[in-house]
Amino acid sequence: MDELLGEALSAENQAGESTVESEKLVTPEDVMTISSLEQRTLNPDLFLYKELVKAHLGERAASVIGMLVALGRLSVRELVEKIDGMDVDSVKTTLVSLTQLRCVKYLQETAISGKKTTYYYYNEEGIHILLYSGLIIDEIITQMRVNDEEEHKQLVAEIVQNVISLGSLTVEDYLSSVTSDSMKYTISSLFVQLCEMGYLIQISKLHYTPIEDLWQFLYEKHYKNIPRNSPLSDLKKRSQAKMNAKTDFAKIINKPNELSQILTVDPKTSLRIVKPTVSLTINLDRFMKGRRSKQLINLAKTRVGSVTAQVYKIALRLTEQKSPKIRDPLTQTGLLQDLEEAKSFQDEAELVEEKTPGLTFNAIDLARHLPAELDLRGSLLSRKPSDNKKRSGSNAAASLPSKKLKTEDGFVIPALPAAVSKSLQESGDTQEEDEEEEDLDADTEDPHSASLINSHLKILASSNFPFLNETKPGVYYVPYSKLMPVLKSSVYEYVIASTLGPSAMRLSRCIRDNKLVSEKIINSTALMKEKDIRSTLASLIRYNSVEIQEVPRTADRSASRAVFLFRCKETHSYNFMRQNLEWNMANLLFKKEKLKQENSTLLKKANRDDVKGRENELLLPSELNQLKMVNERELNVFARLSRLLSLWEVFQMA
């Protein structure tokens, strides 16, 4: 696989140096001097990525990333021409730092004249690692299985923080500063755990290679390998080349995740260790799987209750590491623009979810991992309310005076005494209850019994939301390909309802369910006043949640001769919502940095070594109040950013 990737990186492109079309649309001056409001309408990605990189690497790195996001791939010479105040050396130095943190990818191309040029692309994966850096550390510490909680968690946090800040590192380099043998053994075992859990993977050329170019190289290679005198038609040749390219592409993509490439056995201790010279980096996809699980757990809480959601949480955590990727690399190649390819990709994804080993589970598997404090007894109804009503009705009927019975000779049989009839009735009711609840009594002894867990799994499988699918009796799996669109729709409706009101969500659902509707149909189905419907529709159109489609009645295209219908296009709506959330996150970061700049003198004074811990003595009352205000506003920014991030990532997931 290294040979394949090496060929892709050194492949000669005979097409020459191509010009970037987007360069005509946005000039460098526009990019560098653009205001926050204009950035929202032009490119929210540009605004967010520049603010993130500026906060971590400074102004120069932000300028380089801004150019790459706005104009696409650029060479060093082109970057120098477009960025004022930076020469070749400063651009190269900045690119080295960005490449080290995986914020930039590169590819070398050779023109017809033989001149080699290296082009640089921005890499959103590295930028997202900077965005999630604190959450990555917190998530890994939570998931790690360690003996000494405090000490080992601190070591794990230091390891992950070093990997994020350096981009990648080797175990040999990390242990070079450790003197104690016992500490070296502990750190080495923690590295093994991080690799086994999938949070650390081997860094390779793949992390610096553009996916689109890699796919294009593999496809052209296999297409050219087919003999020209082959009797196959051009369509079959392309289909065959595509299949072979997919096979090689999957092998290259999955290679960094293979533990055999990372772990080995120490001959001295016979224990598994990480190869000392292997460079390790953060596996963002593994972390995002955990974020996806949290989103699904929160959705389950709102739909099936908190107890069933806790059972669902164990099921997700059990299969999380082997679950499908958040975004399949094939979706980034442009291959799915073909409708047939998109459909076959969807079918294949559903098959993989069902057939992949480690993704199916049953109640016994979950019982081994349920926490001791979770008691499932009493979490399910033992009898339907309708049964009680029927029983009370029958008892009431029995209490009514019955018809008198006579013998042949006319003797009237007297009724039983009240005490005797009541005793017989109570004994009958007790017997019925014992028969109905006989099976449930066995479950009350074990809080984690398989039957109770299976009942909760059936609730998840029978829900309107496809939380689980049952392949065979008692065996389940999580259908991510069907569940993620439902999650997106649910979160989108929540945002619409919380910002525009419940009436907007009602209209949005009405239009989505009816596909393409007129205002007359909306008036008859939405059960709202006509004035309210029009004002709400205007808000939905402004937020790109609803679109207007003109349908001409005749050949005359004048407005008076046309009918205007409404429809919802989910792709456009989700994309607009994602960009809106992106801009709001970037705006929060922008305000935070601006706040620090305005109070830079006070912050420098408060951060001095001789002032720390003695602020009340050495700072004026006005300075203390100002410092308190700065800290409170910064905490407020982080809280709002966390909420926006949890919404934004839903629309980022494929």
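Cβ from N, Cα, C; glycine included.
Within the set 75-96, 207-228, 493-514, 581-602, the record from Swiss-Prot flags 581-602 under the feature region 'Leucine-zipper'.
From the options 276-296, 381-401, the stretch Swiss-Prot describes as region 'Disordered' is 381-401. Summarised as a single figure, the pLDDT of the region 'Leucine-zipper' (581-602) averages 90. Secondary structure by DSSP for the region 'Leucine-zipper' (581-602): 21 helix, 0 strand, 1 coil.
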